[in-house]
Amino acid sequence: MFGGQVIPPSKSPHLRKSGSRPVVFDLDKEEGNVEMEGLLHSTGSNDLKIASLPITTAAIMPSPILLWRFKVLLFFLWGFICCKIGWDSVMRMSVNLRDLFLYEAFLYYNPLLLVTMMVWLWGVNLWVFAQSTISYAKIFDLDQNHLTHREIWKVATWMTIIVPTSMTAYLYLYSHGEVSLAASQPVLLYCAVSLVLIFPFDIFYLSSRYYLLRTLWRIVFPLQAITFADFFVADILTSMSKVFSDLERSVCRMVHRQVATIAWFEADSVCGSHSIGIPIALVLPYIFRLFQCLRQYKDTKEKTALFNALKYSTAVPVIFLSALKYHVLLDSWTNFYRPLWLLSGVINSLYSFYWDVTRDWDLSCFTRIFKYNKPSLCSYLLHGRKWVYFWVIGSNFILRLAWTYKLSAHLRHNYLTVFTITALEMIRRFQWVFFRVENEWNKMSSKSNLQLSEISSEEDKLLAPNDHNV
């Protein structure tokens, strides 16, 4: 019934091998054998029905490839329906309100869309690590129940379905005059995501959710020794600072019941441009990473940790000088604060680029990157190719310069440009992960080899014969 193999009883009168004689009962010996034969006949019929069930079920069930293609077809059909409904809903609005409404819709949903994109890219990272010689489970100190790339992609698939569906419902309901129902859509979505993260029962990958929440707690409160997973996740959070900024404004509007009111454009809005919460949300990931570096220096006394802390501190002037535009006179901003903002942005971008290439990646290890267990087209295209390194270094430099745009609160009104730059930052961080994890694995391997060589040399000294002259 559940796909398991059912073995008929060995004494069944209908069970026989191919080519053997059929089983015949002698009915002339005892008249009571008639009742026994009826019982055996009914039992044998039931056994045959049970035994033939898996064969029938296997014949009915489609092949995995056909089932996968059907799911992909449904996925694209669903995407087309969402795009169609969303486009028709936007076209129903007047031209004056259309741009404002799209900005508000992006405000609520682009954080979760960007998180979904990061989950997809993380699944790709894990897939590449699974094909290579890197033991990422050992690097991140994961247990045997850690999520594989397939499970990560399954989570990303559900996020890809749920978030755009909620956004489509928001557009449709608002364009058809159901403002209160439209306003409830992002609120329900955010509440559902929060409940899934903190759900205490053993569903939705409880151990992985607990691992993520514990790591986030260690990032916010670095009261213990910093592990690789701690500062690795913290580095990823710095690439998502714009996500936290939009989350702050979205939650603020939900708390003050400003959803679906298009009140963000008002200068005196509590969740608008003059809010101090926006630069604070932008700077928090850098502050967390700064405290981690200081904690690492306290534990190891390495000066490299202080230089790394200085790198994260250079993002603070970029964020707060940009926010001053809404709190100072226009002439003061143009003549004094804007040049300081540009200078601080250049310093932060160049310093971060230098640290990525020389410290996080270690150029001396570039010839060992992208080693795979089994040769494939991907390994042939990437391993040891010079264009890979030129592409990574060049794209990292350009996107580091664009980083200033994303950190600047006074440039956020062009929401499509900011969304695109944020998505490109996610891609930059995605390719950064390969080199950073590879560099860490090389360090761990060289350290273990050094320890083994020291142990073997000590054993050789102990086993070596001592020549003494008597």
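For all residues, glycine too, the Cβ spot is worked out from N, Cα and C.
Now, the feature entries from TrEMBL:
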REGION    1-20  region 'Disordered'
TRANSMEM  66-87  transmembrane segment
TRANSMEM  107-130  transmembrane segment
TRANSMEM  151-175  transmembrane segment
TRANSMEM  187-207  transmembrane segment
DOMAIN    269-468  domain 'EXS'
TRANSMEM  276-294  transmembrane segment
TRANSMEM  306-324  transmembrane segment
TRANSMEM  387-403  transmembrane segment
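The transmembrane segment (276-294) is not in contact with the transmembrane segment (187-207), judged by fewer than 3 CB-CB distances under 8 Å for residue pairs 6 or more apart in sequence.
Here the transmembrane segment (66-87) has Cβ contacts under 8 Å with residues 157, 161, 164-165, 167-168, 171-172 of the same chain, all six or more residues outside its ends. Confidence for the domain 'EXS' (269-468), expressed as mean pLDDT, is 80.
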